[in-house]
Amino acid sequence: MHKEIQIKRYLPEEHAEPFWQTFRVPYDETTSVLGALNYIKEELDSTVSFRWSCRMAICGSCGYMVNGIPKLGCKDFVRNYPAALRIEPLAHFTVERDLMVAMDEFLQHLEAVKPYLIAEPSEPHKPHRQTPAQLAKYKQFANCINCGLCYAACPQFGLNPEFVGPGAIALAHRYNLDSRDQGKAKRMPVLNTHDGVWSCTFVGFCSDVCPKGVDPAAAVNQGKVESAKSMLIQMFRGGA
Amino acid sequence: MQQFEVLVVGGGGAGLRAAIAAAETAPEGRIALLSKVYPMRSHTVAAEGGAAAVTRADDSYAAHFADTVAGGDWLAEQGVVDYFVKQAYQELVQMEHWGCPWSRQANGDVQVRRFGGMKTERTWFAADKTGFHMLHTLFQTSLKHSNIQRFDEFFVVDLLVNDGEINGVLALEISTGELHAIQAKTVIMATGGAGRVFRFNTNGGIVTGDGMAMAYRHGVALRDMEFVQYHPTGLPGSGILITEASRGEGGVLVNKDGYRYLQDYGLGPETPLGKPENKYMELGPRDKLSQAFWQEQQRGRTGNYNGSDVVYLDLRHLGKDYLYERLPFICDLAKSYVNIDPVTQLIPIRPAVHYTMGGIETNAQTATSIRGLYAVGECASVGLHGANRLGSNSLTELLVFGRLAGEEAMRHARTSAPEMDQTKSAQTLRQWQQKLQTLTASKASGVTWVQLKRELVQTMEDGCGIYRTESGLQASLAKVRQLKQQYQQVQVGDTSRAYNTDLLQCLELEFCLDVAEAIVLASLERRESRGAHQRLDEGMTARNDQDFLRHSQVFFQSQADATLTWQAVDTSLSTPGERAYGAQGQQSEAR
């Protein structure tokens with residue numbers, strides 16, 4: 001079986017504008033979109049550029065738009081596309097070259113929410129206790145692989161790149177919900193701002209495209225409740 | 001660019017742990033972390049099963065030591081193993097304090113699971129995504145330290161060495177194509193393994209032996225490179241890893257007739273379904289299990305999946321709820337990549353190259369023979385694993401020796417004043433600029449890295465697999481050397497500067513070729529069978545302590561074939577004995 005695959009090329013050293021290029025690729029039931037891209041690079045055109053590594057949907061490198069939907073190339077299959085197959089770089093990110101986008105903004109948002117355990121020093125040689133129920137509260141939000149698909153799905157991030165965005169908010173929420181953490185008060189100021197949780201208009205597409213079932217939309221909306229509470233407390237304290 | 005005190009190459013578990021340790025040792029210290037990918041893409045992310053440390057009251061350091069030393073067929077450095085087992089628990093507790101979501105018992109204590117070759121349950125885990133959770137915990141924790149300056153997507157291509165002392169590294173900034181000579185008083189290599197030297201492997205595309213080759217080209221020995229671990233359970237076609245924890249939780253292996261064949265290979269008697277026993281059957285070590293697959297294949301008792309010979313992993317008796325709690329990622333991978341539901345179906349699997357036991361030779365404190373150069377993690381040979389690594393020792397290794405490397409390097413940086421030879425660094429920079437220009441001078445017309453890579457991974461699989469022969473190894477060695485010659489004419493098709501992934505893969509192949517030569521040469525010279533290195537030749541099928549209770553050391557020779565020497569092994573704590581599992585193991589322990 002063969003498939004025509006169109007790739008949106010961008011080679012700023014040669015062409016000022018992006019252009020589409022079509023490749024004819026053999027495939028079978030097991031061929032992933034990433035597999036097709038590697039075939040193109042090795043057999044047809046070695047200048048086609050894209051990121052990838054683990055090819056098992058855990059490293060988060062290979063996010064692309066496939067027929068307009070953010071997907072992990074290694075976990076999406078050519079067989080899913082009986083008609084056209086068009087691959088583009090992730091939407092809303094700055095395109096550097098071909099399917100490679102700048103990840104720096106995303107990482108800045110990630111850093112801004114202080115995504116690490118903030119706690120008083122504990123007994124140095126002893127683990128905390130955490131029951132399975134306490135673990136279950138945040139575990140889902142700890143499964144984010146930082147692939148950026150949710151940012152490519154988020155219309156608000158598309159309009160306002162300052163928006164902290166679904167992935168980073170999910171991570172803030174992950175630590176806020178962790179029974180070992182005491183850092184919520186330090187994280188909320190970032191989430192309370194206009195560029196924090198309140199930018200979200202609850203489209204929910206971020207959760208639809210998440211390849212790991214993290215449900216960042218739930219995190220953002222639970223974050224809104226927390227944000228409202230924390231702002232009210234600030235108000236009563238006369239801090240707002 | 002400023003001079004760094006500690007420069008870490010590689011943003012996986014070992015590199016991040018080292019950077020954090022250096023930052024904690026000197027909160028105002030200048031630390032650089034260079035990685036060819038964003039740190040959270042590093043291959044630590046794909047580790048699934050867990051991290052070992054003596055935890056339960058009925059366990060002991062002596063038992064973890066004995067399992068590791070015997071598991072490595074007595075080629076481990078025993079002082080190193082002793083240090084490791086004693087530090088392991090504290091490092092896992094440290095990860096817990098940093099937020100790692102370890103799986104728990106009902107009372108909130110950390111849960112431990114069974115693992116191959118381990119006498120007692122001592123493997124901490126975070127479902128079946130332990131490496132992923134550890135890597136993200138470390139990456140996120142590293143963000144607390146503002147004195148760790150990250151250089152993401154900087155591809156280190158060479159070391160700057162002056163008169164036996166490190167001066168820094170040469171790095172290609174991927175986004176611009178620019179080369180930078182970055183000065184540092186100490187450098188820690190944490191670049192991971194070299195599984196991509198083989199055709200069929202569990203490794204990510206980035207696992208190309210870069211750091212090993214770089215240190216090697218500067219005269220540091222690559223030690224014990226013949227010991228390449230085949231993981232017994234990779235998915236056919238892709239090689240995607242199905243964790244050993246599947247068996248730790250009670251999964252069993254059957255051949256095409258539904259027979260639990262491991263009982264025929266010194267691992268029995270058969271343990272009842274749903275009642276796994278440590279060091280029996282499916283909980284034997286990886287080398288023995290992969291060898292058993294090969295034997296079954298020879299006997300015609302393997303099945304077939306899309307053209308691959310396979311055996312089957314049966315998890316069905318564990319039930320849906322338990323599988324989704326303990327092995328959710330495995331269920332997802334099986335569904336996505338072989339369209340199998342493990343709740344109701346058998347998963348086809350076969351061995352795949354997984355891990356390089358050998359690497360850059362270091363002493364017990366992670367220092368190499370170049371002053372100021374350290375190595376840690378899979379790229380290093382600190383001597384922990386010997387001839388076969390036990391599953392769940394390597395994630396702990398990243399932590400124990402990552403911390404040690406970070407502390408040692410920072411201490412060294414603060415007490416030494418290496419002479420920085422600017423002229424020599426500038427000269428190295430110019431040579432590399434010239435080299436990259438030549439590689440990208442014109443659109444490829446002759447040899448491409450793609451052709452050479454295909455021939456390399458094929459010859460490694462043909463001649464240097466689970467069982468090896470003199471003639472097969474001779475053929476592979478000749479082939480690798482021929483490919484190294486051909487590489488001199490290689491051209492990349494992409495002539496641009498920014499994000500030239502064609503060039504990156506071409507340079508990675510050159511690293512692979514050097515590492516491959518070391519692997520094949522050491523395999524050829526080790527004329528015995530030990531751990532993961534098995535010879536079929538007459539007189540070589542058994543372990544031979546008389547002649548080969550020694551580490552191999554391969555040395556790079558510019559413009560000539562690599563050379564090999566032997567090094568004594570530290571057996572000061574445990575005399576080499578019989579390595580046995582199942583009922584035989586029980587008997588030999590009783591003696």
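Quick reminder: no glycine exception, Cβ is built from N, Cα and C everywhere.
A TrEMBL annotation is a machine prediction, not a hand-curated record.
Taken from TrEMBL, the feature active site, proton acceptor covers B:ARG286. In the shown protein chains, 25 other C-beta atoms lie within 10 A of the C-beta of B:ARG286 (active site, proton acceptor).
TrEMBL lists B:10-15, B:35-50, B:ASP210, B:GLU378, B:394-395 with the feature FAD binding site. The C-beta environment of B:GLY49 (FAD binding site), restricted to residues of the same chain at least 6 apart in sequence and closer than 8 Å, consists of B:ARG113, B:PHE115, B:THR123, B:PHE125, B:ASP128, B:THR130, B:THR243, B:GLU244, B:ALA245, B:GLY248, B:GLY391, B:SER392.
Using a 10 Å radius centred on the Cβ of B:HIS354 (substrate binding site) and all shown protein chains, the other Cβ atoms total 27. For B:HIS231, B:THR243, B:HIS354, B:ARG389, the entry in TrEMBL reads substrate binding site.
Here TrEMBL flags B:6-395 as domain 'FAD-dependent oxidoreductase 2 FAD-binding'.
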Give the sequence-ordered list of residues that share a chain with B:SER394 (FAD binding site), lie 6 or more positions from it, and have CB atoms under 8 Å from its CB. B:ALA47, B:TYR355, B:GLY377, B:GLU378, B:HIS385
Provide the number of Cβ atoms within 10 Å of the Cβ of B:HIS231 (substrate binding site), excluding the reference atom itself. 24
Sub-8 Å Cβ contact with chain A: please pick out which of the binding-site residues B:GLY10, B:ARG41, B:GLY49, B:HIS231 have it. B:ARG41
At the Cα level, what's the spacing in Å between B:HIS231 (substrate binding site) and B:GLY10 (FAD binding site), rounded? 24
Near B:ARG389 (substrate binding site), which residues of its chain come within a Cβ-Cβ distance under 8 Å, counting only those 6 or more away in sequence? B:GLY71, B:GLY72, B:GLN229, B:ARG286, B:TYR355, B:MET357
Could you list the residues of the same chain, at least six apart in sequence, whose Cβ is under 8 A from the Cβ of B:GLY10 (FAD binding site)? B:LEU34, B:SER35, B:SER42, B:MET189, B:ALA190, B:THR191, B:GLY192, B:GLY211, B:GLY377, B:CYS379
Which residues, in sequence order, are found in the same chain with Cβ within 8 Å of the centroid defined by the Cβ atoms of B:HIS231, B:THR243, B:HIS354, B:ARG389 at the substrate site, excluding those residues themselves? B:GLY49, B:THR202, B:GLN229, B:PRO232, B:LEU241, B:GLU244, B:ARG286, B:TYR355, B:GLY391
Least buried by Cβ count (within 10 Å) of the binding-site residues B:ALA14, B:VAL37, B:VAL45: B:VAL37
Average pLDDT across the domain 'FAD-dependent oxidoreductase 2 FAD-binding' (B:6-395), rounded to a whole number: 97
Could you check what DSSP calls B:ALA14 (FAD binding site) once collapsed to helix, strand or coil? helix
